[in-house]
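The following features are taken from TrEMBL:
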type	residues	note
COMPBIAS	124-134	compositional bias 'Basic and acidic residues'
COMPBIAS	143-156	compositional bias 'Polar residues'
COMPBIAS	270-280	compositional bias 'Basic and acidic residues'
DOMAIN	6-108	domain 'Calponin-homology (CH)'
DOMAIN	175-245	domain 'EB1 C-terminal'
REGION	124-187	region 'Disordered'
REGION	263-285	region 'Disordered'
Amino acid sequence: MDSAYFVGRSEILAWMNSTLQLNLSKVEEAASGAIQCQLMDAVHPGIVPMHKVNFEAKNEYEMIQNYKVLQDVFNKLKITKHIEVNKLVKGRPLDNLEFMQWMKRYCDSVNGLLNNYNPLERRESCKGGKDANKRTAPMQALAKSSTAAPKSQSSHNNRRSDLSTVNAANPSIKIARPASSGDPSYDKQITELKLSVDSLEKERDFYFAKLRDIELLCQCPEIEHLPIVGIIQRILYSTDNNASVVAEVQAMLSQHQKQLEPLSLNPEATNDKPRMETQKRKNISTLEVDAVANSTLSPKQKISDASDVHCSGSPLISC
């Protein structure tokens, strides 16, 4: 296996965040394909139509559009790398990690990234790029404060060591220690927010998986032609949140019911049909019994029966 696929997950995340000034916490967050497009834009400026890239892609059909843009870029650059879109859009960690490992290897092989590349400015022309920049700005400020914190902590430790030496030299001098600047309530709120975000993400993934199963079921050739399947797909693929979609679906359902009404049978005729069939069976059984009885009679009995019939048919002749 190529050495590119031995790069760790944390290294890939740090590379993406530092290159594009993002705050990704998982590799599978790059499943939309927008990050790959911007990485190619950083390596080959001007070759990627950034106005076609969607950083707000949540649904699979929106992600597929981003991968179409990426595939066009690969074709222009004559890159033979196969993009497994069906696996990447599902957000599987391993598939996305392997593809990002390949992306890092490719970006490093073409003289690295440009030093004067401004990812925030390039994302301004993308759909959802401004929102992505807004989400990134607070994290960048937090990162700067976190990098400054160790320096202040080290200087604080140096001051404490200096004070300890002074106290050792002059035990009569008492130095007041500064109060701690940490706020426990603030830390508690951060923890609660993180737990809330985790639970919401799990709930989102759960319901998205359910909707994905319904979508795959509707695509089965055995049932995809049914009207009810079309109604379900209309609800799944609707982009607006108003009541017009519900009204349209109800109209489609009522129209389908009206089409089925002429095909329904008369209930009285349906009830009489079993009775007629039963009467036919009885008549056939009676004929069969009479035929068997006639076949078992002797010739004399047949003559006698015939004379009885003749006599009964002529009331003037005495038998």
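Yeah, the Cβs are placed from backbone N, Cα and C, and that goes for glycine too.
Applying DSSP to the domain 'Calponin-homology (CH)' (6-108) sorts its residues as follows: 70 helix, 1 strand, 32 coil. Mapped onto DSSP classes, the compositional bias 'Basic and acidic residues' (124-134) shows 6 helix, 1 strand, 4 coil. The helix, strand and coil residue counts that DSSP assigns across the domain 'EB1 C-terminal' (175-245) are 47 helix, 0 strand, 24 coil.
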